[in-house]
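Colleague: So Swiss-Prot lists the following for this protein:
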BINDING   G174, D175, R176, Q177, T178, G179, K180, T181  ATP binding site
SITE      S378  site 'Required for activity'
Amino acid sequence: MQLNPAEISELIKSRIEGLTVSADIRNQGTVVSVTDGIVRIHGLSDVMQGEMLEFPATADGTPTYGLALNLERDSVGSVILGEYEHIAEGDTVKCTGRILEVPVGPELLGRVVNALGQPIDGKGPINAKMTDVIEKVAPGVIARKSVDQPLQTGLKSIDSMVPVGRGQRELIIGDRQTGKTAVAIDAIINQKGKGVSCVYVAIGQKASSIKNVVRSLEQAGAMEYTIVVAASASESAAMQYVSAYSGCTMGEYFRDRGEDALIVYDDLSKQAVAYRQVSLLLRRPPGREAYPGDVFYLHSRLLERAARVNEKYVEDFTKGAVKGKTGSLTALPIIETQAGDVSAFVPTNVISITDGQIFLETSLFNAGIRPAINAGISVSRVGGAAQTKLIKNLSGGIRTDLAQYRELAAFAQFASDLDEATRKQLDRGARVTELLKQAQYSPLSISNMAATLFAVNKGFMDDVEVKKVLAFEHGLHAWLKDKNAALMAKLEANKAMDKDAEAELNTAVAAFKKAFA
């Protein structure tokens, strides 16, 4: 068969016209070395700081990504997110042109996810409609609104003495095994029915501990409004470092849409250790306690994202869909100290960044005072303005009573005969200390807390035996619920007490005391 040259040229022309060539210009590099999850790459001249890099997939086809953290003259230092055993020298690495993003939105509520937002609870995929970058600039001064709404934790000692407001950063600090996680979990449980979405970020904890936390939240019915981000101790340092920022982005979704959210970082000491590990492997120069120079910035850029934003910010962000609403993200970071040393590098950093701290002490915990809050050095720098009026008016004397009690108790150890006034103060202090004890997973409503504080302030407990104080309190709450339900509902709704309510409460407590005796 002979082909006419004209036919051949026509055929070639038609083929060329029908050919679609998609030019995909992507920056590529070559793996030079792989050690402990850190990959050094030659090439990638256009890579951005914090950009996601695409590595060869695993044997089962799972994509492998890394973060570009060190940008040097002739190489790039990257940290792998996930498994890295299959990566070898000479492998090709591609830039993605994207910063690391995680899924966000209400679809994540009730789920347990890893640092990349992938589900790890065995309940199937998460069909989130949106993703967002994990690193964001915190809202500016103009976009913020002052903290003036309370975030009730349901714990008497916190809500009365170190109140937390919506949009505040309140540090929970203490040695290991002092009940830091318990305080944070109680705060999450107490948000039930209050329209606050919660995020619990577990960093570097045992998988069994995370499982126990999830079980506790499920039993309390709190998982339905909570996202758990878990980067357990068995995961890479990179995942532990990234997890806090992922959780923060998930919380910001609610803040930016005029809703309230609470985020717990448990704990930032382990995140700092993970970041130190990554930095040392990247051969960055070590500083104090071998932490890199930017460890302060590590935590400040994270915690500054917790804020209360004004109506204009929310309206601009939602393009007018949400009007007249403020949004807030409240942070409860946790720091673990070594033998009560709050002057170590990371604890001092986080204390200076946050708006106050709740200090938990081993000696109080071992003495059975739980939550083991040291009222003397625990402060809330902005929470006072946000405290519920009802609790604020009733709790004024509590802190003073405790401070005087601690001072006198130390003095009374050496004095044999005490005058009547001193003995009275010691007795009152012992009762207040006993009263501030609270069982785990049993947060109190505002009305019940008010009734307790009212009873102790008015001296109704002065002649009750110290060991019977908590029984008196439980009995009082049951009595008021049964006999004075309308009054309690009024206190809960108004969050304030007028003269009539005060007189009615006084009569009710007096009647209960007669029956209790």
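Glycine is treated like the rest: Cβ placed from N, Cα and C.
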Colleague: For each of G174, G179, count the other CB atoms within 10 A of its CB; which of these binding-site residues has the top count?
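Modeller: That would be G174, with the most Cβ atoms nearby.
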Colleague: Taking the Cβ of S378 (site 'Required for activity') as the centre, count every other Cβ atom within 10 Å, in any protein chain shown.
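Modeller: S378 (site 'Required for activity') is surrounded by 22 other Cβ atoms within 10 Å.
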Colleague: How many other Cβ atoms are found within 10 Å of the Cβ atom of D175 (ATP binding site), counting all protein chains shown?
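Modeller: Neighbour count, Cβ to Cβ under the 10 Å cut-off: 18.
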Colleague: If you count other Cβ atoms within 10 Å of each one's Cβ, which of the binding-site residues Q177, T178, T181 has the most?
Modeller: T178
Colleague: Looking at the binding-site residues R176, K180, which sits with the largest number of other Cβ atoms within 10 Å of its Cβ?
Modeller: K180
Colleague: Going by Cα-Cα distance, pick out whichever of the binding-site residues G174, D175, Q177, G179, K180 is nearest to S378 (site 'Required for activity').
Modeller: G174
Colleague: Helix, strand or coil: which one is T181 (ATP binding site) in, per DSSP?
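Modeller: Reduced to three states, the DSSP call for T181 (ATP binding site) is helix.
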Colleague: Once G174, D175, R176, Q177, T178, G179, K180, T181 are set aside, which residues in the chain still have Cβ within 8 Å of the Cβ centroid of the ATP site?
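Modeller: Here the non-site neighbours turn out to be E336, L360, T362, F365, A372.
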